[in-house]
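For reference, the structure discussed in these notes is given below.
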Ligand SMILES: [Zn+2]
């Protein structure tokens, strides 16, 4: 039975690298994959999945308006789809997570979603909340804090290197950067004066 998988992590853990490698493994065997890329708002992105170590591939950008079940059903009708991958899955809508669950349950295509668990304030993203709730399998992609512990949290820094403690979940078009920490050091940084 096909499943809905959610691989989650904080920033810069290598989620896109894993996605691209897994997709390649299918394609190497002559199987078709579809890579979907969630946009953080209703503006479609470029459709390119890029990893920090230099891999990249074309994907299909989508917004909150798109019915992903209908999209995959149509693509699968044209040519068999062996697996669906979703990058930036934290930006899925709850209804879209259900659409992906139906892709697994009713069309029988496995769906592998990759995304951030929480934002810079330690709050769940909507897509991640729904995936954590209903995915068949959860997988944590690990990266480490400067102290060597598992990093699960992220701090947003503005262009001048100041820690950002409040603001929108997604900083559209900003010059911010993100640094990952374990929970203890994230709390130290966020609570510091
Ligand atoms: Zn630490």
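Note that Cβ sites are derived from N, Cα and C of the backbone, with glycine treated the same way.
Automatic, uncurated: that is what TrEMBL annotation is.
According to TrEMBL, the feature active site, proton acceptor maps to 88.
The annotation ATP binding site is assigned in TrEMBL to 9, 10, 11, 12, 13, 14, 15, 16, 87, 88, 89, 90. Residue 89 (ATP binding site) has a Cβ environment of 30 other Cβ atoms inside 10 Å.
Counting only same-chain residues at least 6 apart in sequence, those with a Cβ under 8 Å from the Cβ of residue 185 (Zn(2+) binding site) are 145, 146, 147, 149. Annotated Zn(2+) binding site per TrEMBL: 145, 147, 182, 185, in sequence order.
Residues or ranges marked as substrate binding site by TrEMBL: 170, 171, 172, 173, 178. Listed in sequence order, 11, 12, 120, 154, 155, 156, 157 are the same-chain residues at least 6 apart in sequence whose CB falls under 8 Å from the CB of residue 178 (substrate binding site). In the three-state DSSP scheme, residue 178 (substrate binding site) is classed as strand.
A strand conformation is recorded for residue 87 (ATP binding site) in the three-state DSSP classification. Only 15, from the binding-site residues 9, 15, 171, place their Cα within 10 Å of the Cα belonging to residue 88 (active site, proton acceptor). Among the binding-site residues 9, 145, 147, 182, the residues whose Cβ sits under 6 Å from any atom of ligand 1 are 145, 147, 182.
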